[in-house]
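A.B. asks: According to TrEMBL:
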type: BINDING; residues: 16, 17, 18, 19, 59, 204, 205, 230; note: substrate binding site
type: ACT_SITE; residues: 125; note: active site, proton acceptor
type: ACT_SITE; residues: 194; note: active site, proton donor
Ligand code: RUB
């Protein structure tokens, strides 16, 4: 897929989910670098930066996207030939994709430890990291049952229930607003993340915060499965994570909306779950309480405040 096609597919959500978006962007950058004809390293870098900007501009919330793109672009810091710069980009991109796939496997192993035989789980949206934990627990022979939400307006719950069904996991498919009705039947909420702030707040699909609130009220634990590249370094400076607001037509068909001039449809794609409603964040480096998010950003990702200014 050429660069502009990947960017369009991320924007229109043919490619979706924070981890998949990151890997697709990195693959697109590598492909662009492979075919880029530039006279000198500076021109090569400038053209790569334009490609990087096009990709990072597609969806604003999933911090995995700029983190992944930046990790590839860092390979271009200093080079005296276009070929060396190209090789460095290709190597870094391959490393990122390998790291990302490995992270999903590690998260599944670590997350599955927190799922007990007989547990009833609830998941929201379609997260490969969260589903990885659920599938791994099932693979280990634990008897589990899942509640999966529909996920208005884009219906990602359908992807989730197909995966769970294919694995032979007993699944209940519910509308988003039925979560509180069923929460007392649930032992554990398992969701993914698009971004995690320095204070441990979790940004994920719209509705996650309501689910976590209901879980907190019912004393049901909430576990978030997230690769470390979903932690948002710029939140150290107090920057907020931008919440994407998508086309109103996803919620109400345009022809209906046109006849309702006093109605404004709002369509935020994500919300923020405060750290106090999150019990554990499972990363490929281990499971941490949300209060240790700063440690991941500083010690594992290696970001320092001076670099971010
Ligand atoms: C997807 C979503 C997922 C996270 C984590 O939203 O909110 O829970 O991205 O997914 P959208 P993963 O469908 O709008 O992209 O674990 O696969 O990275």
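Cβ coordinates come from backbone N, Cα and C, glycine included.
TrEMBL does not curate its annotations; it predicts them automatically.
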A.B. asks: How big is the gap, in Å, between the Cα of residue 194 (active site, proton donor) and that of residue 205 (substrate binding site), rounded to a whole number?
C.D. replies: 8
A.B. asks: For the binding-site residues 16, 59, 230, which residues place their CB under 6 A from an atom of ligand 1?
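C.D. replies: List returned for ligand 1: 16.
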A.B. asks: Round to a whole number and give the Cα-to-Cα distance in Å for the pair residue 18 (substrate binding site) and residue 125 (active site, proton acceptor).
C.D. replies: 12
A.B. asks: List nothing but the one residue from 16, 59, 205, 230 whose Cβ has the fewest other Cβ atoms within 10 Å; the candidates are the binding-site residues.
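C.D. replies: Minimum Cβ neighbour count within 10 Å, taken over the binding-site residues 16, 59, 205, 230, occurs at 16.
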A.B. asks: Enumerate the residues of the same chain, 16, 17, 18, 19, 59, 204, 205, 230 excluded, that satisfy the criterion Cβ within 8 A of the mean position of the Cβ atoms of the recorded substrate site; list them in sequence order.
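C.D. replies: Close Cβ neighbours, site residues excluded: 20, 21, 61, 62, 64, 125, 127, 192, 193, 194.
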A.B. asks: Where residue 59 (substrate binding site) and residue 125 (active site, proton acceptor) are concerned, what is their Cα separation in Å, rounded?
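C.D. replies: Per the Cα atoms, residue 59 (substrate binding site) and residue 125 (active site, proton acceptor) stand 17 Å apart.
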A.B. asks: Quick check on the binding-site residues 17, 19: which one has the highest count of other Cβ atoms within 10 Å of its Cβ?
C.D. replies: 19
A.B. asks: Using only C-alpha positions, which one of 16, 17, 19, 204, 205 is spatially nearest residue 125 (active site, proton acceptor)? These are the binding-site residues in the record.
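C.D. replies: Nearest candidate: 205.
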